[in-house]
Amino acid sequence: MKTNKIVFIFGPTAVGKSDILFHFPKGVAEVISVDSIQVYKEFDIASCKPSIELRSHIRHHLVDFLEPIYEYNLGIFYKESCKIIESLREQKKIPIFVGGSAFYFKHLKYGLPSAPPVSDKVRLYINNLFIRMGKDYLLEELRRVDFKRYESINQNDIYRIKRSLEVYFQTGIPISQFLQRENMFENIVAIGLRRPMDEMKSRIISRVKNMIDCGLLDEIKSLLGKGYDEKTPAFKGIGYREFLLWRSRPCYLLNDIINLIVKNSFLYVKRQMTFFNKLPNVLWFHPDDDLKNILDLIFV
């Protein structure tokens, strides 16, 4: 088992990411949550935070630590993730990033922008070059203007190829001169979880019903009673924001709100899968049928 690896486990809402964690051996790995709502204290039920039982089985980071009034963003997530990775590597443990926030996974893989911003005009120019001339042409351009970057880049990684050329055409400086720090995220095992969409729809309906049964209405009343409202960042999450709509439109019935949560969740699942399907080098599994393969991939 390589202890310098970093594992990504991603998939859409309700696919069953947390369920497989109970099967992980104790003491050899820890989880870093990739979720923009689970970070908030008190917002427990609709965010589907990992249970106390699961957190006692395998330690979770970046869960239930931020006051609801504060914004959580990519910069905080990335900075904290880097610290956690360094700590876990010192302990010879595997960092396992688990969640469904596609935007965060993207920047875990490709890093935060460390070069100057690029104008829309330059970005459009490079993208049009790609559409008209193809990937090989862009690679040849990169070889010409930044041979160091050309030698080190994955030649199937069109995102980084385009980004490298954008920076050069914007600044006249090779991106290799901007990227001096060691990449912490080279040895990535990317595991994607997915189910058929009809199965996902059924699971979402069951999940929302369970939220109501577990006391979501009481949780929201308590949160509103403490002064949290539509300006509170944590209320942006699906399952919370719909109840703010209910408060402003008393004609809505509880069933209308439940149906709206189901609808918004399913639309979010579709957006998540659209993004995740674009990521290269992902090993896709059904979380129920392929559990042994997933465990072997991570721990053997």
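Each residue's number is its place along the chain shown, starting with 1.
Yeah, the Cβs are placed from backbone N, Cα and C, and that goes for glycine too.
Swiss-Prot assigns the feature region 'Interaction with substrate tRNA' to one of the listed ranges (35-38, 79-82, 227-230, 271-274), namely 35-38. Neighbour counts of Cβ atoms within 10 Å were taken for the binding-site residues Gly11, Pro12, Gly16; the minimum is at Gly16. Secondary structure from DSSP puts Ala14 (ATP binding site) in coil. Annotation: no binding-site residues among Ala14, Gly16, Lys17, Ser18 have CA atoms within 10 angstroms of the CA of Ser101 (site 'Interaction with substrate tRNA').
Sequence-ordered, the extra residues of this chain that approach the ATP site, with Cβ no more than 8 Å from the Cβ center of Gly11, Pro12, Thr13, Ala14, Val15, Gly16, Lys17, Ser18, are Gly100, Leu193, Arg203, Pro287.
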